[in-house]
Amino acid sequence: MAGAAGPGSGPGSAGRDADDSLYPIAVLIDELRNEDVQLRLNSIKKLSTIALALGVERTRMELLPFLTDTIYDEDEVLLALAEQLGDFTGLVGGPDFAHCLLPPLESLATVEETVVRDKAVESLRQISQEHTPVALEAHFVPLVKRLASGDWFTSRTSACGLFSVCYPRASNVVKAEIRQHFRSLCSDDTPMVRRAAASKLGEFAKVLELDSVKIEIVPLFINLASDEQDSVRLLAVEACVSIAQLLSQDDLEVLVMPTLRHAAEDKSWRVRYMVADKFSELQKAVGPKITLNDLIPAFQNLLKDCEAEVRAAAVHKVKELCENLPIEGRETIIMNRILPYIKELVSDTNQHVKIALASVIMGLCTILGKENTIEHLLPLFLAQLKDECPEVRLNIISNLDCVNEVIGIRQLSQSLLPAIVELAEDAKWRVRLAIIEYMPLLAGQLGMEFFDEKLNSLCMAWLVDHVYAIREAATNNLMKLVQKFGTEWAQTTIVPKVLVMANDPNYLHRMTTLFCINALSEACGQEITAKQMLPIVLKMAGDQVANVRFNVAKSLQKIGPLLDTDALQGKVKPVLQKLGQDEDMDVKYFAQEAISVVAQRLRKLDFPVKDSEEHRAPGPDKNHFLRPGMLGEDTGKFLSLMSRQHKETERLAWLLRGQ
Amino acid sequence: MQTTDATSNEQQELFCQKLQQCCVLFDFMDSVSDLKSKEIKRATLNELVEYVSTNRGVIVESAYSDIVKMISANIFRILPPSDNPDFDPEEDEPTLEASWPHIQLVYDFFLRFLESPDFQPSIAKRYIDQKFVQQLLELFDSEDPRERDFLKTVLHRIYGKFLGLRAFIRKQINNIFLRFIYETEHFNGVAELLEILGSIINGFALPLKAEHKQFLMKVLIPMHTAKGLALFHAQLAYCVVQFLEKDTTLTEPVIRGLLKFWPKTCSQKEVMFLGEIEEILDVIEPTQFKKIEEPLFKQISKCVSSSHFQVAERALYFWNNEYILSLIEENIDKILPIMFASLYKISKEHWNQTIVALVYNVLKTLMEMNGKLFDDLTSSYKAERQREKKKELEREELWKKLEELKLKKALEKQNSAYNMHSLLSSTSAE
């Protein structure tokens with residue numbers, strides 16, 4: 001039956017024709033013309049479906065002409081169209097017919113909206129690869145020429161992106177024409193076009209013969225690099241990277257370097273910024289010799305540029321620049337020609353520069369080795385650790401591991417730790433807060449033993465800080481430390497100290513014990529919670545301060561899920577019931593809330609139900625949040641946002657109670 | 001020694017010396033350095049300003065070069081990067097120019113120079129040339145509104161006095177705008193440049209050159225897409241309306257252009273667009289109105305039913321405009337069918353009571369214009385809705401069938417490839 005049917009003939013195709021007539025192109029076109037933009041957009045996005053339904057021939061003969069003729073639409077629709085057409089070659093019958101796609105894309109490449117144009121150019125570049133060399137010269141190159149000599153700047157801008165894709169496969173005569181067109185666009189009257197040409201100069205240079213690069217591209221490069229508009233000049237810097245890669249050292253010296261030297265001292269900071277930003281690429285492109293003679297002096301100037309933006313961009317490249325220097329003599333070059341500038345930048349007036357420096361400076365340790373690091377870099381790290389800008393300090397602290405590798409933990413502890421400890425006792429609570437936040441990170445980098453020795457006492461001291469936000473952060477920090485070092489560590493070093501605070505004369509410290517238990521119970525696990533924490537919590541139910549008592553209720557609710565039936569039934573419940581009769585209404589409220597949660601938990605322990613439900617039990621009740629001043633004791637990520645509010649509500653409760 | 005104390009010849013000599021003296025620049029980022037010298041320069045600049053504004057015949061040919069040199073040395077500079085990289089002109093305070101104490105006086109001097117009765121453009125054009133203007137235009141990006149204000153006046157004077165530079169200035173502004181729209185979306189002086197253009201357009205001769213029309217359609221209209229439209233919309237709308245007052249045949253393309261760029265998500269901008277449309281309708285000719293009434297009122301009907309009440313309200317205010325009302329009345333048979341469905345719907349559904357009240361008034365007005373048509377539309381409203389729903393279903397059906405067809409074709413292709421394959425293998429077996 002169907003076995004005899006070849007493509008396009010036999011009984012199968014008759015059925016297909018019938019299908020096609022069901023959906024005449026008129027209907028589809030109607031869709032593409034619909035008044036609602038969204039519907040047009042949908043239709044365009046399904047253009048491949050339409051084309052498939054129509055078949056290759058009708059797509060070529062009817063759909064594409066329609067698209068070409070009626071291109072006046074919202075940019076969003078045009079963008080979708082430009083994108084679709086890039087993948088359309090198969091739908092119009094393969095590479096032999098790829099040129100059919102050129103007319104609509106040509107119009108799209110001339111529209112005003114940049115994103116549409118860029119997409120059209122991208123699709124054209126894609127399709128150009130599918131053209132045979134003959135078709136390329138017959139269809140594609142003429143299109144590029146038309147665009148290149150278009151009236152309005154948009155088409156000329158688009159043309160700039162198409163030269164490099166058709167050049168390699170064109171004949172010599174055509175190649176000369178293409179070069180000619182590119183040349184004229186480089187000196188176009190409109191800066192937009194010159195910018196487009198400048199941005200494609202490098203790409204175009206790469207496909208040209210070396211002679212043409214020297215004779216034609218270099219003069220263009222020099223012209224663009226001295227354009228009246230800095231937006232053009234800075235693009236020439238980018239092109240410089242590509243051109244430099246193509247030329248020999250001697251040619252480079254003569255043809256490119258004078259311009260590059262000039263660019264590094266351009267009067268516009270944008271151009272200098274570009275040089276700084278592309279520095280690593282430039283360094284690789286020009287090779288070690290020119291780097292030493294030319295780029296390093298230029299780099300020194302960029303490091304002390306009058307604009308902070310430029311300095312910051314240059315600073316970002318310090319590490320890469322140093323890494324890429326030839327190993328022989330590298331140390332001397334860095335020590336003598338780079339480091340003096342870096343030393344000054346440590347006390348730069350602009351914080352962005354300092355932040356940038358702090359993010360790369362640690363990378364120099366491995367390059368310079370132990371002795372240099374200790375002698376020259378450590379003082380800089382120390383200075384930056386004391387910088388007024390927290391991001392500078394953060395960048396240093398979060399890269400401490402690099403230093404650690406080079407100079408070892410002992411050395412590090414002797415030199416940097418005092419600075420960290422000093423910050424930990426800073427008079428500004430925000431600074432202390434920032435240091436606390438680095439603690440888990442430091443703990444990971446320094447290891448348990450070292451941590452216990454040097455930092456543990458700090459972490460405990462924060463628990464009794466006079467600022468609530470710090471105590472809260474300290475609590476949270478303990479939890480993270482326990483997650484890092486494990487329960488055994490918690491049991492020996494943390495838990496006893498925390499529990500001792502339950503007897504503190506200051507009720508705020510007693511509450512901290514409860515907050516710590518809330519935070520730690522889960523990380524410490526069932527056993528520690530039940531055996532060590534629970535008795536203390538229960539004991540505190542008799543505290544004379546109501547704030548402590550209602551926090552006991554909250555803590556019991558919190559650790560409830562970790563306790564077994566016996567403990568809940570025999571120990572927790574009676575205490576909560578007693579608190580439920582408390583004279584203070586807040587205590588009563590929280591006790592009752594905890595009772596209901598615990599009761600729920602007990603029911604489930606007696607009659608185990610599905611897992612999914614069990615998890616939900618201890619979650620905070622909605623009412624809980626409705627009450628003023630009761631914002632979560634659980635230390636979630638909103639912590640820092642809420643901390644101030646916390647402090648106030650705490651104080652408020654205190655005042656109301658008149659204690 | 002004061003310029004006023006010297007004799008005429010000496011005065012001239014001294015004038016030039018003081019001009020040269022004022023070419024020395026000081027670092028104002030460092031507020032404590034060179035305090036004395038800064039003060040001397042300030043005093044000298046003041047003297048210069050006074051000298052050119054109170055004396056006649058002091059702007060002699062030989063002084064032009066020094067004058068322009070002094071001005072260039074002081075005001076032409078690469079603008080520094082903004083202190084705030086995310087500078088939002090609508091929200092943030094601008095960074096003011098540190099050297100303002102000097103630059104202000106230089107601008108002041110520049111203006112007095114340009115406005116002096118002795119000023120001769122024919123001599124000045126040797127110094128105030130394209131390159132000069134180019135640099136001047138770049139300064140419009142200054143974050144300091146005081147500087148931009150001076151620049152605006154300066155450029156306006158130059159445009160007025162230097163006929164040879166006019167085309168160049170227009171072209172450069174054109175480029176700045178295109179770059180602003182399509183490349184950077186950032187340029188601080190857009191409003192100021194548009195303000196100058198407003199008065200330039202006002203002076204265009206008729207018939208308008210193709211260049212000017214192109215500027216309108218390819219630059220001014222796309223400018224409505226800019227993110228910071230609020231900062232310069234008043235000036236932009238003024239320019240557009242100026243164009244339409246010059247040449248009414250531009251109305252249709254302008255309105256179609258605005259409709260093309262109609263904001264989709266930004267209600268604030270939508271309100272601005274509606275404001276501009278009303279300004280245009282205020283000056284529209286009835287024949288032009290007929291050409292765009294259909295697409296325009298389709299958009300207005302969408303705005304009227306916007307859930308953002310400010311948008312709906314702004315659109316409904318059109319019905320308070322006598323002239324627009326008269327245009328609607330003349331074309332009620334076209335407009336009512338377009339507007340009816342949305343008005344009818346929101347009169348029942350809109351959440352905002354003010355809007356509902358406004359809609360009732362509009363409906364009443366429309367009904368009075370053509371009661372018969374209104375009744376017809378009311379009675380066919382339901383049927384119309386159903387027809388739309390049916391169309392919607394049909395569309396879905398169409399796409400579904402297309403998908404099926406696509407699948408079938410893909411399958412067929414596979415099959416035929418397979419069949420070809422088996423056919424070939426069987427023939428070779430034979």
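Note: Cβ is positioned from N, Cα and C throughout, glycine not excepted.
Automatic, uncurated: that is what TrEMBL annotation is.
Not measured: the values here are computed from a predicted model.
The helix, strand and coil residue counts that DSSP assigns across the repeat 'HEAT' (A:24-62) are 33 helix, 0 strand, 6 coil. The repeat 'HEAT' annotation in TrEMBL covers A:24-62 (among others).
Beyond the repeat 'HEAT' (A:101-139), the same-chain residues lying 6 or more positions past its ends with a Cβ under 8 Å from any Cβ of the stretch are 64, 67-68, 71, 75, 78-79, 81-83, 85-89, 92, 95, 146-147, 150, 152, 154-155, 157-159, 161-162, 165-166, 169-171, 174. Taken from TrEMBL, the feature repeat 'HEAT' covers A:101-139 (among others).
The feature repeat 'HEAT' is assigned by TrEMBL to A:178-216 (among others). Residues 141, 144-145, 148-149, 153, 156-161, 163-164, 166-168, 170, 223-224, 227, 229, 231-232, 235-236, 238-243, 246-247, 251, 255 of the same chain sit 6 or more residues outside the repeat 'HEAT' (A:178-216) yet have a Cβ under 8 Å from a Cβ within it.
Here the repeat 'HEAT' (A:217-253) has long-range neighbours at 182-183, 186-187, 191, 194-195, 197-199, 201-206, 208, 210, 259-260, 262-263, 266, 268, 270-271, 273-275, 278, 281-282, 285-287, 289-290, meaning same-chain residues at least 6 beyond its ends whose C-beta is under 8 angstroms from one of its own. Residues annotated as repeat 'HEAT' in TrEMBL: A:217-253 (among others).
Positions annotated as domain 'TOG' by TrEMBL: A:245-476.
The feature repeat 'HEAT' is assigned by TrEMBL to A:256-294 (among others). Secondary structure by DSSP for the repeat 'HEAT' (A:256-294): 34 helix, 0 strand, 5 coil.
Proximity of distant same-chain residues to the repeat 'HEAT' (A:295-332), defined by a Cβ-Cβ separation under 8 Å and at least 6 residues beyond the stretch ends, is recorded for 260-261, 264-265, 269, 272-273, 275-277, 279-280, 282-284, 286, 288, 338, 341-342, 344-345, 348-350, 352-353, 355-357, 359-361, 363-364, 367-369, 372. Residues annotated as repeat 'HEAT' in TrEMBL: A:295-332 (among others).
Broken down by DSSP into helix, strand and coil, the repeat 'HEAT' (A:338-376) contains 34 helix, 0 strand, 5 coil. Feature annotation from TrEMBL assigns repeat 'HEAT' to A:338-376 (among others).
Through the fold, the repeat 'HEAT' (A:377-415) approaches residues 342-343, 346-347, 351, 354-355, 357-359, 361-366, 368-370, 422-423, 430-431, 434, 438, 441-442, 445-447, 450, 454 of its own chain, all at least 6 residues removed from its boundaries and within a Cβ separation under 8 Å. What TrEMBL records for A:377-415 (among others) is repeat 'HEAT'.
Annotation source TrEMBL lists repeat 'HEAT' at A:416-454 (among others). Per DSSP, the repeat 'HEAT' (A:416-454) is made up of 33 helix, 0 strand, 6 coil.
Annotation comment: TrEMBL describes A:494-532 (among others) as repeat 'HEAT'. If one looks beyond the repeat 'HEAT' (A:494-532) by at least 6 residues along the same chain, the residues whose Cβ comes under 8 Å of a Cβ in the stretch are 460, 463-464, 471-472, 475-476, 478-479, 481-483, 487, 539-540, 543, 545, 547-548, 551-552, 554-555, 558-559, 562-564, 567, 633-635.
Annotated repeat 'HEAT' per TrEMBL: A:533-571 (among others), in sequence order.
The annotation repeat 'HEAT' is assigned in TrEMBL to A:572-607 (among others). Each residue in the repeat 'HEAT' (A:572-607) has a pLDDT score, and their mean in this model is 84.
When DSSP labels each residue, the repeat 'HEAT' (A:178-216) comes out as 33 helix, 0 strand, 6 coil, counted as helix, strand and coil in that order. The DSSP breakdown of the repeat 'HEAT' (A:101-139) into helical (H, G, I), extended (E, B) and coil residues amounts to 30 helix, 0 strand, 9 coil. Sequence-distant contacts of the repeat 'HEAT' (A:416-454) (same chain, six or more residues past either end, CB-CB distance under 8 Å): 378, 381-382, 385-386, 390, 393-394, 397-398, 400-401, 403-404, 409, 462, 465, 467, 469-470, 473-474, 477, 480-481, 484-485, 489, 493, 640.
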